[in-house]
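As recorded in TrEMBL:
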- 16-39: transmembrane segment (TRANSMEM)
- 123-143: transmembrane segment (TRANSMEM)
- 148-166: transmembrane segment (TRANSMEM)
- 198-229: transmembrane segment (TRANSMEM)
- 249-271: transmembrane segment (TRANSMEM)
- 307-323: transmembrane segment (TRANSMEM)
- 335-356: transmembrane segment (TRANSMEM)
- 362-382: transmembrane segment (TRANSMEM)
- 389-407: transmembrane segment (TRANSMEM)
- 413-431: transmembrane segment (TRANSMEM)
- 475-495: transmembrane segment (TRANSMEM)
- 893-912: transmembrane segment (TRANSMEM)
Amino acid sequence: MNLKNRAYSSNKKSFLMFYAAYTFLFAVIFLFGYCSFWIHGKSFIWNCDGYNQHFPALIYIGRYYRRILLSILSGDFNIPLFDFNIGMGENIIATLNYYGLGDPFVLLSAFVPAAGTETLYEVLIVLRMYLSGIAFSAFCFYFKKQPFSVLIGSITYVFCGYALVAGVRHPFFINPMIFLPLMLIGLDLVLRKKSPIIFILTVFISAITGFYFLYMMSLFIFVYALIRFKALYKSSTFKELIKAFVKSVSFYLVGIMMASILFLPVIYGFFSSSRISGHITAKSLLLPRQCLTFLLGFIAGPASWDYLNIAAIAVPAVVVLFLKRDEKLKPLKIGFIIAFIAALVPLGGYIMNGFGYVSNRWTFAFSFLVAFIVVCMLPSLFRISFREQFSCLAAVIIYGILCFVKGSSRNAYTMLAFGMLALTTAMLFFIQIHNMESNQRQLTPIQDSLPQKLPLKGLAALIVSKSNSFRRLPAFLLCIIIVLNLISNAVFLFAPDKKNYVSEFTNKNTALSKFQNYSAEGIEKLKQNDRSFYRLDSKSNGMPNASMLRSYPGVSVYYSIINSNMTDFRRKFSVSPSMSTAFNLGNLDSRAALETLSSVKYFALGQGSSLDYVPYGFEKTDIPGVYYNKYALPLGYTYDSYITESEFNKMGALERQEAALQTAIIDGEVSGWPKGRIKNTVKKLNCAVKTDGAEWRNGELIVKKPNAKINVTFNGLSGSETYIRLEDLILSESGVDFMTVGVSSENINKTLYVRSEYDNFYYGENDYLINLGYRQDGITSASFEFTTPGRYKLKDIEVFCIPMEEYGKYISRLSENSLKDVTVSPNRVLGEITLERDKILCLTIPYSSGWTATVDSKPVKILKANTLFMAIPLKKGSHTIELHYFTPGLKPGAVLSAFGFIIFIVLSVIYFKRSRKARGYKKAKTHSP
């Protein structure tokens with residue numbers, strides 16, 4: 001074996017040893033740290049977003065991929081781009097890209113049926129975490145760091161606080177932990193004038209996976225490029241900097257171009273979505289967060305990504321870093337200072353979150369930097385000077401003092417962190433003493449005495465490295481301490497007798513059955529018995545995305561990127577109990593008019609629920625728990641007249657509802673069409689208010705205790721829907737940003753989600769309107785229960801009744817001429833209509849620029865109607881209506897992707913030839929005389 005082959009064999013063996021050791025430590029930390037999940041029978045599916053968003057999305061995407069594959073194999077190539085089963089109809093690409101559509105890992109869902117999705121969900125979390133460590137190690141080895149240091153840094157990175165909290169809460173939040181190290185490798189190669197292939201590919205994969213973290217990583221690589229360029233080219237000119245910048249940006253844009261087939265539609269969907277942020281002041285952005293909590297949270301962990309909660313070894317590593325005067329360490333110091341300030345000051349989270357609201361979901365990058373500092377400084381920690389020892393000891397003492405400054409800071413988590421910091425620092429001191437006493441002693445006997453298993457032997461081999469620093473038993477002991485530290489951090493977070501984070505997760509093997517059992521018998525019978533287009537609403541708001549899994553058109557949806565008109569519809573009509581955020585939209589509050597105008601034909605009532613929840617006009621069917629709307633309107637119904645949306649906006653919420661029953665609400669003037677005249681049947685009632693545990697006077701509400709009540713009595717009208725409204729309930733000056741308000745009336749209980757304008761999820765409303773239901777004998781009382789004490793503004797409490805005598809007549813006029821023979825297929829709606837006079841056809845499809853329409857094969861303009869739906873003015877006679885959907889941004893995105901891949905292939909060929917030529921030159925030079 002020649003020298004070159006021997007070196008290759010040795011390197012290969014070293015890497016195998018390293019990754020065997022990494023795999024072993026990863027498995028040990030994971031199995032012990034996450035043991036609360038297996039002990040208590042919990043899955044990794046978070047009860048909130050995990051269960052309501054990520055889990056159904058994973059099942060749906062798996063089905064979607066299989067459907068595309070079958071479509072291609074059958075030669076049809078008709079890929080669904082719009083689905084009526086997501087909310088009231090949503091753009092599939094824009095809605096689900098954020099949740100895994102395009103994520104390379106989620107491609108595995110195509111091979112897993114729904115029954116196995118919970119297992120896949122958990123496997124993907126573990127796989128992503130494992131690969132994040134692999135990616136980190138690749139970055140470290142790129143910079144030729146020592147294997148033992150890389151091993152410690154890798155596990156420190158993988159099990160940082162961000163990964164512990166976000167990894168099981170939002171599985172795809174781990175993706176940037178994988179992509180960032182690889183993207184930085186690629187960028188560094190570009191800055192060093194080498195191949196851009198890795199950089200382009202990582203930008204492409206990041207962009208196609210989702211723009212949210214790509215945005216953050218783009219900021220990080222920009223800062224990295226500035227710092228790194230200065231380190232690489234110390235005598236560089238401004239011109240060279242600009243040249244490097246242009247080159248890097250060009251390669252970055254190639255990656256974006258390649259991903260544009262998904263990236264552009266998602267960007268378009270994002271800017272058309274309903275994500276509304278709260279009000280943020282300059283003062284709130286610049287004032288540092290609680291410094292004490294932040295400093296303690298560096299190695300101690302509240303369940304939040306606001307704090308690093310990283311291994312204690314990071315503290316002496318950072319201390320020694322700033323004591324070193326090595327010019328090569330300057331970039332790390334600059335990076336740490338920037339990241340520290342960005343994490344401490346809310347402005348950092350505001351910028352990193354796209355100027356929407358303050359969120360520190362970017363701290364995976366801070367953890368990456370700190371873990372890399374550990375890698376770089378660990379060799380130095382084995383031979384620290386007296387001054388550095390003194391500084392590390394001072395850091396331990398200061399941290400201990402901070403733990404006792406306030407009673408709230410003295411808890412199990414800070415005590416654990418303090419103990420681990422003290423133990424880690426003590427071990428570093430012991431290493432110094434041990435080094436001095438036995439400078440010549442080797443660790444080889446220890447290695448030989450270990451069990452001949454690859455992971456343990458690999459770990460020992462890493463400790464017995466070429467560097468004399470790691471030829472000591474204490475290095476092995478330090479590794480054990482760090483492993484115990486990481487296990488303890490995880491256990492203290494998850495364990496029921498500690499932070500009890502595990503309680504926020506669903507029980508094992510129950511997530512799918514909950515969805516399957518949701519009105520199971522009723523939904524399946526409806527799908528068998530009624531083949532027409534209809535929507536199903538329900539009393540429950542607990543499963544907003546159930547319709548996408550059970551494959552029926554519903555009304556509720558809970559995804560971050562949805563059609564903004566869905567939110568506007570609920571805001572304009574003040575459907576308050578169904579909105580917890582601008583993108584978590586529940587039912588239509590049993591409001592008969594809105595249910596019917598939205599083509600809701602059926603209503604599902606949970607077992608044991610009061611019949612008072614059933615909207616007016618819905619009658620019992622032979623299917624248990626399912627009620628039929630005798631006034632149901634089809635997908636397309638017609639109006640004789642219209643009013644403009646600006647006229648509509650001047651009305652109150654209930655007057656708007658009355659208007660929509662009588663005339664179309666059109667966004668803009670419609671030339672040649674008559675304006676509607678609105679008959680208002682809304683009756684305002686007198687009411688009496690009594691408080692219990694609260695005071696209300698002069699527009700100020702003082703809630704003195706939790707669950708204080710306001711009781712309202714009135715004489716409700718018979719045969720009416722009754723509504724109660726809180727006018728201008730404002731929290732902004734109370735110091736409370738969010739609270740729930742319970743609303744009850746005899747057999748009805750509902751919840752309002754009240755937010756101040758400073759809350760991240762404020763959606764712009766301060767008036768809250770609640771439907772108390774329809775009663776033939778009239779409703780006479782209602783009460784509000786305020787959960788959070790405080791001083792709030794409350795202008796008025798109002799009660800309204802809407803007699804339903806005219807309701808049937810309004811619906812009869814709308815259904816007089818409706819769309820018949822409706823066919824709904826992927827991306828296409830077809831129907832026939834016959835009119836005796838000119839009318840405006842309202843189609844209960846959420847308005848989007850992705851839809852185009854033809855009438856009798858001639859293109860026509862689609863108008864927005866009733867704030868949510870689509871409308872087409874029609875002349876009298878018989879017409880064929882055809883609608884087609886194509887995702888906005890998809891066509892230009894596909895063209896850009898094609899060009900991007902062509903450029904990428906050309907670049908690959910060019911750099912491959914350069915590389916081969918360079919290798920040939922080196923080979924020739926080696927063999928030259």
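Glycine is no exception: its Cβ is also placed from the backbone N, Cα and C atoms.
Between the transmembrane segment (335-356) and the stretches 249-271, 307-323, 389-407, 413-431, 893-912, Cβ pairs under 8 Å are most numerous for 307-323.
Taking residue pairs at least 6 apart in sequence, the transmembrane segment (148-166) and the transmembrane segment (362-382) share three or more C-beta contacts under 8 angstroms. Touching of the transmembrane segment (249-271) and the transmembrane segment (389-407) is ruled out by the presence of fewer than three CB pairs under 8 A, sequence neighbours closer than 6 excluded.
Note on the transmembrane segment (307-323): residues 152, 155-156, 159-162, 164-165, 293-294, 297-301, 329, 332-333, 336, 343, 363, 366-367, 370-371, 373-374, 376-378, 380-381, 384, 387-388, 391-392, 395-396, 399, 417, 420-421, 423-425, 428, 478, 482, 485-486, 489, 493 of its chain, located 6 or more positions outside it, place their CB under 8 angstroms from a CB of the stretch. Note on the transmembrane segment (413-431): residues 296, 299-302, 311-313, 315-316, 381-382, 384, 389, 392-393, 395-396, 399-400, 403, 472, 474-475, 477-478, 481-482, 484-485, 488-489, 492, 498-499 of its chain, located 6 or more positions outside it, place their CB under 8 angstroms from a CB of the stretch.
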